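One structure is given below, encoded as structure tokens.
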Amino acid sequence: QTSKKLVNSVAGCADDALAGLVACNPNLQLLQGHRVALRSDLDSLKGRVALLSGGGSGHEPAHAGFIGKGMLTGVIAGAVFTSPAVGSILAAIRAVAQAGTVGTLLIVKNYTGDRLNFGLAREQARAEGIPVEMVVIGDDSAFTVLKKAGRRGLCGTVLIHKVAGALAEAGVGLEEITKRVNVVAKAMGTLGVSLSSCSVPGSKPTFELSADEVELGLGIHGEAGVRRIKMATADEIVKLMLDHMTDTTNASHVPVQPGSSVVMMVNNLGGLSFLELGIIADAAVRSLEGRGVKIARALVGTFMSALEMPGISLTLLLVDEPLLKLIDAETTAVAWPNVAAVSITGRKRNRVAPAEPQEALDSTAVGGSASKRMALVLERVCSTLLGLEEHLNALDRAAGDGDCGTTHSRAARAIREWLKEGPPPASPAQLLSKLSVLLLEKMGGSSGALYGLFLTAAAQPLKVKTSLPAWSAAMDAGLEAMQKYGKAAPGDRTMLDSLWAAGQELQAWKSPGADLLQVLTKAVKSAEAAAEATKNMEAGAGRASYISSARLEQPDPGAVAAAAILRAILEVLQS
């Protein structure tokens, strides 16, 4: 079936897209009656060379995103993936000539329709006495054997816009710009790879790929590539692309070898997530540097797309210092990225992390027996949580994303790993601080953060003494921190409900002569009752609060877990 697209009409989509860009960019104007965008300050270009480019729409931000001081003077847009009309190209040439420019360079991608229409407009303009030159860019490195049609024009064309724009801005003449651009165009190559096709508004996808295939060497119009390859890791796909692009037996290869200096472009073909784009960029940098290639500049982003095609193209341009100066020259074009004018190869990419503060030796630390008891308690807590994994996940599926048990098991495994390294600190304050760091790092989720906060705060009162009143104060401090940052209150159907109920009972520890186990037993029973009571509560905080059913049938998994942890502690202390 036809793909969904946010358009007003299929017929008007190219006009509307261009109008939107111009409406939001004061440096651009439309040429009335034509699908042409021009610099608003045309009159400031007197005596300089004008640069016009363009082609089908659907490649946004190309081509109109590259209009500006230091780049293009204007662009002519066709319908989606369709070459623009001769009449509009001619109108654009006349408009820039009228503004007093001393000649026009047409930068055209190597497609038959574009060559014909721009070529026709050029001939007519020359007949009218306007000096017009044309360069045809073919940077495609897909084809091992050259066809008569030659190499397709792809994302590398954007680099040509930049180089020609810098030369024109510097006042270089038409013939000289044409000559230099032709030389630069020969020193680059582009290769695309896609996970699936795109679809033109109002149409079905342009080609079908099975789930385990990717298309290598495709163009920017959804046309199929040179071969299909099996789905692989980003590293493998990038390696394959670079091997293909630099293979000297490939007629359209880029002559990049160890010691070469390049500008690298990682171009999103339109539908790839930024996450994947970063992964591909990392793979490309590692792969190129591993081959001894110096990356002078790296451009990562969307430069020339193919509608919503989920794929990328890689462009490599061989550069020397004079060419880099042109790449680095200033431009106001909105789609050109803010690239640092330094080589990325050979730069230090890491900073040493600050050292952890040294822990002061704790005066309240007792000998080995306390440490052993701590280890037993933690072991019991871990086995309890691992045993509850499925149950907690099931409870969580009712109201959340079903991972509460998994999160708690992750914490339990992390604690077990840590216990293998040696006995835990005997000092309760150090133990709680260590656990808090461990859970923040390994547990993840909001539970990890909440337990981390609870333990960090609870450790503070235990630094001075470890009497029963101090343990009660520790519980109070932990609960206060949880409420302050977690925004939950008792009765909101969260893990806080169990802990709060236990905390109320532990207040008894503050009275002289209170019994450790008697009070703790009461606290555990109270926590378990509170966990059970969360069944009948309306979720006021946490993820469950977004669920529309006001009352959920099961108790809150976080509250159940917290009560189970307290029960595990009690059982070890009783034995």
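Cβ atoms are placed via backbone N, Cα and C, with glycine included.
Annotated domain 'DhaK' per TrEMBL: 9-336, in sequence order.
The Cβ neighbour count for S57 (substrate binding site), using a 10 Å radius and every protein chain shown, is 25. According to TrEMBL, the feature substrate binding site maps to G56, S57, G58, H59, K109, D114.
The number of other CB atoms found within 10 A of the CB of H221 (active site, tele-hemiaminal-histidine intermediate), across every protein chain shown, is 20. Feature annotation from TrEMBL assigns active site, tele-hemiaminal-histidine intermediate to H221.
Marked as domain 'DhaL' by TrEMBL: 372-571.
On a Cα basis, H221 (active site, tele-hemiaminal-histidine intermediate) lies 10 Å away from S57 (substrate binding site). You'll find the Cα of G56 (substrate binding site) roughly 9 Å from the Cα of H221 (active site, tele-hemiaminal-histidine intermediate). Of all the Cβ atoms in the protein chains shown, 25 others lie within 10 Å of the Cβ of D114 (substrate binding site). Non-local neighbourhood of G58 (substrate binding site): A14, V80, F81, C198, V200, H221, S305, A306, L307, each in the same chain, at least six residues away, with C-beta under 8 Å from its C-beta. Taking the centre of the Cβ atoms of G56, S57, G58, H59, K109, D114 as the substrate site, the nearby residues of that chain (Cβ within 8 Å, site residues left out) are G54, G55, A62, H63, A77, G78, V80, F81, T82, S83, I220, H221.
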